[in-house]
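Taken from TrEMBL, the feature compositional bias 'Basic and acidic residues' covers 17-26, 39-51. Marked as region 'Disordered' by TrEMBL: 17-51. The compositional bias 'Polar residues' annotation in TrEMBL covers 27-37. Residues or ranges marked as domain 'Prp18' in TrEMBL: 125-244.
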Amino acid sequence: MDFDIGSILKKEIAKKQDELRKKTDTQKSSGPDSTSVPKVEEDKPKIDIAKHKLDNSVNEDDLSLKRKKTQELESRSLRIEEIISTESKISYTINSNTIGVTKESKKLSIQCNLYIHDILSRWDSSKERYHPELLIETKKSLFFLLVQLRKNTLAPDLLISLATVLYHMQQAVQNLTEINLAIQSYMKLSIGNVAWPIGVTQIGIHERSAHSRIQGGSQRANVMIDEPTRLWITSVKRLISFQEWWIKYGSENNK
């Protein structure tokens, strides 16, 4: 049997080249996959970590804001409870001897505040019988005054005159003619003079002297100071009118 050595060599060479080519193609096709997978897996945790940090930061800010608001509400609630507890121990009955006494001004302011609230409460309970259309407007107009009384920031001359008006309104429950004295005191309050309790001689002469300059008359009426002051002074006259009506027709003794 004759063997063609040259032909055999060519076949072997071709076979080897074919195997080498297939091997190379296999490496090329598998190479990118083997390198790209780790790359994707390597980048993915970086994106997740960044997002996780951002989410945590937002959540922490939200929690911090919520905690702050909660603390503010709790603090405000405690302050309100403390104020209510303190004021519940204070009688709103005004003592004429404390009107104009500097060291008593804080207590006097609270008493005026409490008594005005009492009048408004009685008016609210009687609104079906007494000018309901004026009640809301009166409350709004008195808000500025009530805040000043709460903070004890009402001007001394205004506090003296207001307390005098309210004092005579309280006395009118026992003697209705005191309403006329309340109206006279209200007129002084309106025009800028200091109104002291009429018929009361116990007030110290030194206290009156301290306000003598104001009592002699101011350069302008109190109702002209500003709009909020004008509104609350006007509303005080409504309180006087209601008090007179309530004593005559609205109190328990006249039902």
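Here the Cβ of each residue, glycine as well, is placed from N, Cα and C on the backbone.
Secondary structure counts, DSSP: the domain 'Prp18' (125-244) has 82 helix, 0 strand, 38 coil.
Across all of the domain 'Prp18' (125-244), the predicted model scores a mean pLDDT of 86.
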